[in-house]
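**Student:** Here it is, the structure in full.
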Amino acid sequence: MLTKFETKSNRVKGLSFHSKRPWILASLHSGVIQLWDYRMGTLIDRFDEHDGPVRGVHFHKSQPLFVSGGDDYQIKVWNYKEHRCLFTLLGHLDYIRTVQFHHECPWIVSASDDQTIRLWNWQSRTCIAVITGHNHYVMCASFHPKEDLVVSASLDQTIRVWDIGALRKRTVSPAEGLSQMNNDLFGSIDVVVKYVLEGHDRGVNWASFHPTLPLLVSGADDRQVKLWRMNETKAWEVDTLRGHMNNVSCVMFHAKQDIIVSNSEDKSIRVWDVTKRTGIQTFRREHDRFWILAAHPEMNLLAAGHDSGMIVFKLERERPAFAVSGDSLFYCRDRFLRFYEISTQRDSQVIPIRRPGSTSLNQSPRSLSYSPTETAVLICSDVDGGSYELYVIPKDSIGKGDSMLEAKRGLGTSAIFIARNRFAVLDKSNNQVLVKNLKNEVVKKSGLPIPTDAIFYAGTGNLLCWSEDRVVIFDLQQRLLLGDLQTPFVKYVVWSNDMETVALLSKHAIIIASKKLVHQCTLHETIRIKSGAWDENGVFIYTTLNHIKYCLPNGDSGIIRTLDVPIYMTKVSGDTIFCLDRDGKNRAIIIDATEYIFKLSLFRKRYDHVMSMIRNSQLCGQAMIAYLQQKGFPEVALHFVKDERTRFNLALESGNIQIAVASAKVIDEKDHWYRLGVESLRQGNAGIVEYAYQRTKNFERLSFLYLITGNIEKLSKMLKIAEVKNDVMGQFHNALYLGDVQERVKILENAGHLPLAYITASVHGLQDVAERLAAELGDNVPSLPVGKVHSLLMPPKPVICGGDWSLLRVMKGIFEGGLDNVGRGDVDEEEEGADGDWGEDLDMVDADGLQNGDVSAILEDGEEAEGNEEEGGWDLEDLDLPPEADTPRVSVNSRSSVFVAPTPGMPVSQIWTQRSSLAAEHAAAGNFDTAMRLLSRQLGIRNFAPMKSLFVDLHTGSHTYLRASSSAPVVSLAVERGWNESASPNVRGPPVLVFNFSQLEEKLRAGYKATTGGKFREAMQLFRSILHTIPLIVVETRREVDEVKELIVIVREYVLGLKMEIARKEIKDNPVRQQELASYFTHCNLQMPHLRLALLNAMTVCYKARNLATAANFARRLLETNPTNENQARSARQVLQASERNMTDATQLNYDFRNPFVVCGATHVPIYRGQKDVSCPYCSTRFVPSQEGQLCAVCDLAVVGADASGLLCSPYQIR
């Protein structure tokens, strides 16, 4: 049995395969119906409207429907696309055992414990026949796959076959007139019993028809499976199959083989040979009884439901054994070795191979090895626990198919040719290889370097040996290990044509390695990998259950096409894939290789091929664009895109301002113009920035642009525009940018801000204006601050005035130069270069002859409006700052040295955050948000205020800052941990961190010292700062991780103890609480000197309060520590002596030293063993349950009781 899929669930009582999709329905004893994808192994849907067990379920052949019947007496018809029950059929009076759709008519047959079988029309939603005759529960009923028959099995020990031909005729052409009236009056007999089959001694649980032959099979509580034959007039028992040890629950014929499959409550599935009527194979489960079987209507799949779920399985492997050599393919089919010539597609039979009399399953050939020079074939199978057959075929008989050859046989789990006339056989029991000649004689024995489960060819004289978790290449001559690689379970090995590269195929992964097993890439698949072959370009083409895919040498993969049924690839030649299907038939499939050849050319930097493919191929799709972006070729992606928004985004990414402007013009949205302005500003292209701001009428940004480029003339025009638009703030800003003091005073005066106007005039030395304003203000003249030197508010001079930035001189790459002409032929160079300068002004005249960069026309409009004030007022709505004009053009002359903006690399901070799950490294990268999210998820931290300064220190400490010149911005450079001069410039190390573990150890020692000296507040501050820093520490080894966790525990105990001691000192009027806190302090896990001091302190406090018994306990504990200080020991002995005279306590304390406890971190009360508590996810301090959801009082960071995954402080933990 080859198990393909298994589920764990409640008892499965009903199963049904979908005819086309890889789905199976399972109805459970719990009342739920599950819909599974057995290929992906996922639960797609669940339906749970039945009340009680659902015993029957069935998919419709073509409609998106299924039917179910349960113990609630209801039949429900469901639409799985709409995820709902369409309607319910009511009529049965007891449990419903099975339901089934008819393959043609809109009928459902149902069997029930009410001793009836009912036929329903699911379109009219009515019962069309009630079939009675059984006198006990009807356990199953099903339609014949072709004829108008129904078979039913009952606990009355009979099987009945019913003829529904009359019902079918009446449905197709309903009777008219008298016959219809007779039917209505006397009742029609649409269904008649054809045969009653008696032979079982107990109740019959199941009966089913053979798909093509006039046979029936049944299974019953008498533990027997019976085979029946029928003809037109009668039916009779043919044979009985015995072997089950308990009730047979289900039995059916296999659709493609002459076998019967049955299952039983004896926890077994049995396979029987129909012709010989003997058992072939038995599959057992330990604890689960089997209840139901289902067969796939088209594929070689079976399913069985049992007490704790179900299994989907095949009885035999369907993969044909084959070997390819050059143009020749040898393969096994239908007990014959066959030969297929790939170039001519000629197929012929060579020799019969299967030994007669082998009845058990899985005896077909498993692998085939071929020696072309000797035309010898080795066929391996699982017969006798693993054996091989060697055939040496006369060269002239290939293709004739009339020869009979005697095979040379031997035992061995794997056998392969390793040279022209030598083959190797694996002797697994002794872990050795036997090298044999063509006479099947051993010529050499060789031990293997690893415990080997299988051997594969690895070149002449070499073996590829596979064990559970690794493969090695072993040279048999020199007995040397040539290569070693860790791999998952390897099923197949495919060598490239030049034997330089090998693909190791496992169930869900492909590992590509060199001939010395140096790993190149690994590819993972969710669906099972079936086969693979190399094409002429060194691309590995492989198939899964439902796709043909490719894998490039760098590990990139993609889908070539979808498959209806699985295939086994034999060879790839150009754009044709040659393969075998599951029936062993040769097929040739044409594929489109354009996509992977394009990607391969990019990978190998064959840009001439890329260029020609762009020009001539129909490459498109979002996936291709995303791939080019990911690989750093947005400028190539541009040439596949028609959508203007995508073009715009790609153009910005590749720094191609020209295309971005063209796309922005088509889109014409404010957001796109704004983004274009930002990118142009980044490139220092002032002309385009100006154009973009003009298009969006963004006057503020435009003014600021003129300020930083020193364009005073246009800035003064902007002032006039603000005046025309009556934009007071805009006027003031422009006046400020221009340094025009008189204008500023005038604006302030007009706006009614006379005191501000007065101060501005007097500070800037405009005495006459200041005097006039002072006269207007009268007594309200503002006084200027005394003793301060006034500094004039004047705009700074720009470093570079006007024009665009000076640009790098870069030669165009192949893509920039070669692709600009794609699709529009070659443009004459001179013509193209004619208006190629990116001028300072956009001197492009629009339809009205107005220059784009000039704003004087607007002013004239404004002046006209001023003149016509009485007629129409200010008509500002019609004011258009820049008229519609052509997009500014940029030179694209490929021969001249033109600037191409270099594609920006990924910032180091981004690399750090992408590679790391450590909060410290995210903080060092400046990505505080993700650092906080990580700490929240890992440690439950919510209060980040104490960590703010640490975050800032980490970020600034991981960068160094350079200033190139006074006018240039500061350049920040990332500092990497473990950097050295030999490191690759392209590989980024993790960031340098300013905090390390040794610093915390120093703080811990300082905390101990402060505690010893009685400086409790200072000590607590030190210990708390350690707790705040630990989440941002990174260590390298497992031992250091353990030390960090240990440090948290140490510091937590000190913080808790010191908090209680500080609280005790603040209490003046509650001696009982003072004693309790002193007592609890002694139960913190402190260093021995500090524990002695705490015990001495508690003893003193309790003795003074006349709690002598408690004081004696502390004295005893103090003496047990063997104090080195004689004064401490003397005091303890004296207290013990005094207390023994009167061992009583004056007051009752909430303290029982005999009962183990921990102290609540917030309320400082004991939580005794067995009482409920909650803990801090970071420092693990325990709290009473009422504190859940509050901030931890010890670490001051995490929320008590929050979910957290745990401290991550080392890359080792992530690995």
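Each residue, glycine too, has its Cβ placed from N, Cα and C.
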**Student:** TrEMBL tags one of 341-360, 821-840 as region 'Disordered' - which one?
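**Tutor:** Here TrEMBL associates region 'Disordered' with the stretch 821-840.
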**Student:** What average pLDDT does the predicted model assign to the domain 'COPA/B second beta-propeller' (337-581)?
**Tutor:** 84
**Student:** Excluding the flanking five residues on each side, which residues at least 6 beyond the ends of the repeat 'WD' (131-164) place their CB within less than 8 Å of a CB in that stretch?
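**Tutor:** Beyond its ends, the repeat 'WD' (131-164) has Cβ neighbours at 94-95, 97-98, 100, 102-103, 107, 109-113, 115-119, 190-198, 200-209, 211-212, 216, 218, 220-221, 228, 230, 235.
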**Student:** For the domain 'COPA/B TPR' (622-769), DSSP counts of helix, strand and coil?
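**Tutor:** Helix, strand, coil within the domain 'COPA/B TPR' (622-769): 119 helix, 0 strand, 29 coil.
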**Student:** Let's see if you can do this one: DSSP helix, strand and coil counts over the repeat 'WD' (89-130), in that order.
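**Tutor:** Computed counts for the repeat 'WD' (89-130) are 0 helix, 25 strand, 17 coil.
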**Student:** Reported in the order helix, strand, coil, what are the DSSP residue counts of the repeat 'WD' (197-238)?
**Tutor:** 0 helix, 25 strand, 17 coil
**Student:** By DSSP, what is the split of the repeat 'WD' (241-282) into helix, strand and coil residues?
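**Tutor:** Grouping H, G, I as helix and E, B as strand yields 0 helix, 25 strand, 17 coil.
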